[in-house]
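See structure below.
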């Protein structure tokens, strides 16, 4: 059984309506000099009893002593750990957040391809520009939220070691992925990426003590199979994997292991922070900002290695960055940069929106749920490339197994969610995730 999720204090649905109906305190008869006392009202007593029942019910939700004390403290302040109505609202929030991840994930894949049309000679510049840009934008948003009171000093004073670990995992995950991606074919990478879901299931079971039902495991397996069918049909992926040997596919699988560990670590950060912040939850821009800053730091340390992967000698890197910036701005004598800077900027903005929506879904659900939602964008992006997109040229055709693969993937998602999973974020305890 997984440990109870952190408590998020919410207004009690039982307490406040009763207190609002309670009349003002009444002065009794003797105090007014009357012969007998006025009959006392029962409504405040009813409210008190309901409030006590809320404290007891909240304490029963959490089996351990510290959890009961925390639940009772929240309820004593007029808040409870959750209710059926809140559960339905949380389920709707997860559904809307999942839809946002799917939409942003599809746009992210399509716009990355479009952004590389003007920057086809400078993909390494685009990656570094996005990394630095995220740090600037995330910390700007974090500052505004701090000024607005959404982020407080308690959130900013959280230990930085987990954020440092996030930066290391993201940097080395990106580096190993770039190294393998430079050799592997484009069709083989989405297939190998399905190991990401397997790593998340294993790491969640080990570090988060989650126990998955058979329908959830089977659903995740069908999702992975659906992506493989969709991408691999008619692409000759098997032959391309054999031609590259075993080292590069294993390096790509290692990249997805590091990314899965990063997502599970972020979920752990949200859980631990909710306990330390006393019924509060750390703002996701705190996690995004510090994680991106440490990632950028380690990416800078890996620049000599990364530039070599992209065929740019390290001593020529300043010239490459200068030419890439000129092409990004569509200025100077460099030709073939039509579509810049609009397309690269759109990609950076949508990619940032995708990362934010993905982290928000992870915060309110789990790493596995966020991974499943992101995976659903794979067939949608494949279909999007069959549309007459600008700058792409001739639209691609759907692979022969597209319909079958999409059907298997959808069946896997439905199987994972049946019976309907309870919310597993900051308000509810769900031993099955």
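Glycine is no exception: its Cβ is also placed from the backbone N, Cα and C atoms.
The feature transmembrane segment is assigned by TrEMBL to 124-144 (among others).
Among the features that TrEMBL reports, transmembrane segment is placed at 164-185 (among others).
Per TrEMBL, the feature transmembrane segment maps to 220-240 (among others).
Per TrEMBL, transmembrane segment is recorded for 246-265 (among others).
As annotated by TrEMBL, transmembrane segment applies to 285-306 (among others). Below 8 angstroms of C-beta separation, residues 124, 128, 131-132, 134-135, 138-139, 141-142, 145, 151, 155-156, 158, 160, 163-164, 166-168, 170-172, 174-175, 178, 266, 269-270, 314, 317, 355-356, 359 of the same chain, each at least six residues beyond the ends of the transmembrane segment (285-306), sit close to that stretch.
What TrEMBL records for 342-362 (among others) is transmembrane segment. Distant neighbours of the transmembrane segment (342-362): 94, 97-98, 100-101, 104-105, 107-108, 111-112, 114-115, 117-119, 126, 129-130, 133-134, 137, 263, 266-267, 270, 284, 287-288, 328, 369-370, 373-374, 391; these residues of the same chain sit at least 6 beyond its ends, with a Cβ under 8 Å from one of its Cβ atoms.
Residues annotated as transmembrane segment in TrEMBL: 369-392 (among others).
Packing against the transmembrane segment (398-416) from elsewhere in the chain are residues 215-216, 218-235, 372, 375-376, 378-379, 382-383, 386: each is 6 or more residues past its ends and has a CB under 8 Å from a CB in it. Under the heading transmembrane segment, TrEMBL lists 398-416 (among others).
Packing against the transmembrane segment (164-185) from elsewhere in the chain are residues 127, 192, 237, 240-241, 244, 248-249, 251-252, 254-256, 258-259, 261-262, 265-266, 269, 287, 290-299, 302, 305-306, 309-310: each is 6 or more residues past its ends and has a CB under 8 Å from a CB in it.
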